[in-house]
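J.: Let me give you the structure first, and then I'll get to my questions.
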Amino acid sequence: NLVQFSNMIQCANHGSRPSLAYADYGCYCSAGGSGTPVDELDRCCKTHDDCYARATKSYSCTPYWTLYSWQCIEKTPTCDSKTGCQRFVCDCDATAAKCFAKAPYNKENYNIDPKKRCQ
């Protein structure tokens, strides 16, 4: 779920940036999403959105509210859930959190005007 995803982000980036810094970034790191991702970090968010869409389609679940089991092992989010929607959503979140940790954060892409930048 969103709280677990936030905690995974903190695990992967070692607490270097608050999770909310990603909540209104680029074209895809917020509710909805459209157009071309503005950079590598925004591509991480688009991939995460696409992963959640696959979870919804494949498992008829609601990824934003799905609880799963995971651990932060050596600063790496690691999924414990074994099957179905829980595992799929956990993998989506863990992959995105690791992607966020590797991608540069460009302050000019925070809180952009999607009507101008997300065509």
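Placed from the backbone N, Cα and C atoms, the Cβ positions cover glycine too.
Swiss-Prot feature annotations, pasted as is:
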| type | residues | note |
| --- | --- | --- |
| DISULFID | CYS11-CYS72 | disulfide bond |
| DISULFID | CYS27-CYS118 | disulfide bond |
| DISULFID | CYS29-CYS45 | disulfide bond |
| DISULFID | CYS44-CYS99 | disulfide bond |
| DISULFID | CYS51-CYS92 | disulfide bond |
| DISULFID | CYS61-CYS85 | disulfide bond |
| DISULFID | CYS79-CYS90 | disulfide bond |
| REGION | 107-117 | region 'Important for membrane-damaging activities in eukaryotes and bacteria' |
J.: Just jot down the residues in the same chain as CYS61 (disulfide bond), at least 6 apart in sequence, with C-beta under 8 A of its C-beta; none if empty.
T.: ALA55, GLY84, CYS85, VAL89
J.: I need the least crowded one of these disulfide-bonded residues (CYS29, CYS92, CYS118), counting other C-beta atoms within 10 angstroms of each C-beta.
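T.: Ranked by other Cβ atoms within 10 Å, the disulfide-bonded residues CYS29, CYS92, CYS118 bottom out at CYS118.
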J.: Tell me the Cα distance separating CYS118 (disulfide bond) from CYS29 (disulfide bond), rounded to the nearest angstrom.
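T.: Between the alpha carbons of CYS29 (disulfide bond) and CYS118 (disulfide bond) there are 12 Å.
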J.: Per DSSP, CYS29 (disulfide bond) is which: helix, strand or coil?
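T.: The three-state answer is strand.
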J.: Taking every protein chain in this structure into account, which of the disulfide-bonded residues CYS45, CYS72, CYS85 has the most other Cβ atoms within 10 Å of its Cβ?
T.: CYS45
J.: Considering only the disulfide-bonded residues CYS45, CYS72, CYS79, which fall within 10 Å of CYS27 (disulfide bond) when distances are taken between Cα atoms?
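T.: If one measures from the Cα of CYS27 (disulfide bond), the disulfide-bonded residues that come within 10 Å are CYS45.
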J.: For CYS72 (disulfide bond), which of these disulfide-bonded residues sit within 10 Å, Cα to Cα: CYS51, CYS79, CYS90, CYS92, CYS118?
T.: CYS79
J.: Ranked by the number of other Cβ atoms within 10 Å of their own Cβ, which of the disulfide-bonded residues CYS90, CYS99 ranks first?
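T.: Selected residue: CYS90.
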J.: Could you tell me which three-state DSSP class CYS11 (disulfide bond) falls into?
T.: helix
J.: What count of other C-beta atoms do you get within 10 angstroms of the C-beta of CYS11 (disulfide bond), across all chains shown?
T.: 22
